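What TrEMBL lists as domain 'SAM-dependent MTase RsmB/NOP-type' is 67-392. Annotation source TrEMBL lists S-adenosyl-L-methionine binding site at C168, A169, A170, P171, G172, G173, K174, D192, D219, D249. The active site, nucleophile annotation in TrEMBL covers C299.
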Amino acid sequence: MKQQFKGQCVPVLEHPKLQDILLIPVIGPRRDLKKHASEVIVGAQCGYAVLRGAHVYVPGIISTSRFLKAGDLVSVYSDIEGKCKKGAKEFEGVKVFLGNGISELSRSEIFSSSGPLKGMGIRMIEPVYLSPSFDNVLPSQLFLQNLPSVVVSHILNPQPGERILDMCAAPGGKTTHLAALMHDQGEVIAMDKIANKVKKIKQNAKLLQLSCIKAFCYDGTKALSVEKKGHEQEGPPFLPESFDRILLDAPCSGMGQRPNMAYASTLKEVTSYKPLQRKLFTVAVKLLKPGGVLVYSTCTITLSENEEQVGWALKTFPCLQLQPQEPHIGGEGMRGAGLPLDQLKLLQRFDPSAVTLQGMDINSLQDFREEDLISLANKDCIGFFIAKFIKLDSK
C-alpha cells in the first residue's frame, strides 16, 4: 500500500466487533487533479470499478480521442447515461471525471478490426478516489467485501460440522466467508443459476483453499425435492429439512449499491423482484431444519423488498420467529410496513444517507481518531438489509 500511495501512510484498522475484518479508508474526492486534452470514455460498470481502485481494461473502453497513442496522458470519464457510441472520437454527453492515467495502447489497437483486445487499456495514475488495488496482493488470504456483506455471514453464525445452504451465492464472497467461519469443517452448498457465476464461486473457493464448499448451477426456486429418496444426494434438489442454516441473499433491485452514478432499471424491473424473493424464501423455509436459522438479506433500500417481506414471512410461516442479530452495527428497520417497534429493532438496515459524508485527504486523515474512522466505516458503506429468523419445531 505504501508503494501504491508513493510512501504516504494510510492506516489499516482492525474492526473491534469483527476480528477477521480490516478497514482501509478511501482518500478523496481529489479536487486538485489537472484534466488532460486527450479523453477516454468508459462504460458505467467500468467506471464503478475505477472508483474502487481498478485500472481500465480494454473491454470497458467506449471512446477515445482521435489521435490517442500508447504512452499518452489521458483523462478518463464515465458515460453514465449509456449514450456514447462505441469507437466515437469525441463525446459531449453527460460524463463523470474518474481521474487521469497513461494509455497502454493506441486508439487503433483498442478498436482493432481483428476483434477486441483484452488486458489493460489505461493504467490509472491519478484516480479521483485513492483506493488501493489488491490485484495479486495476498490473494489466498484477503477477500475484498463491503462491510454489511461481511456482517451477514457473522449473523448466520455457521458452526463447524453443520450443513449450510447459500441459495443465491455468486460470486462467492459470503460463501467463502461462511466456510472460513466454520474452519472449513462441515458442508457449504452454494447455488446460482448462471453457469459462469458458479465457475467464479469454485475459483474463489480454490484460491482461498476451502474444501467444504460444493457449488451447483441450479435455480433456487426449484431446489426443493418432492420425491423422497433413499439416500441423501449431494446436489440439488434437496429433501425438506436438509440444512442447519440457510443464507438467502436474495436477488434485488440493488438500489443500495455504491458507487453508483446512474440507475438504469425500469419500474417494471424493480417491482419484479418481490415475487421472486417470496418464491425463494418459501423454498428456504421448507429446506430448513426445525431449530435452524434463516438469514434474509438484500443490497437494496426499498420497504417492499425488505420490511414488507419480513411482515409477509411472519404471517405466512407461523413457525418463524425473528431473532436478535449479533453484531448489530447498522440501524434498525424502517417504519411503514406495519411491523411493531420491537420487531423493527431486531432488523438491521445499513443506510449510507444517514451520515453526512465529507471529502478526505491524506492530511485530514491524520486528524481523525481511530474510533471516529471505525464509526465512519460502519455508516459509509452500501445500503443493505438483514433479517434473522429461527424456525421453531414444526410439531
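Here the Cβ of each residue, glycine as well, is placed from N, Cα and C on the backbone.
All TrEMBL annotations are machine predictions without curation.
You'll find the Cα of K174 (S-adenosyl-L-methionine binding site) roughly 13 Å from the Cα of C299 (active site, nucleophile). For the S-adenosyl-L-methionine site, whose annotated binding residues are C168, A169, A170, P171, G172, G173, K174, D192, D219, D249, the maximal Cα to Cα separation is 19 Å. Each residue contributes its Cα atom, and for D219 (S-adenosyl-L-methionine binding site) and the residue listed as 'active site, nucleophile' those atoms are 20 Å apart.
Over the domain 'SAM-dependent MTase RsmB/NOP-type' (67-392) the predicted model carries a mean pLDDT of 92. Between the alpha carbons (Cα) of G172 (S-adenosyl-L-methionine binding site) and C299 (active site, nucleophile) lies a span of roughly 15 Å.
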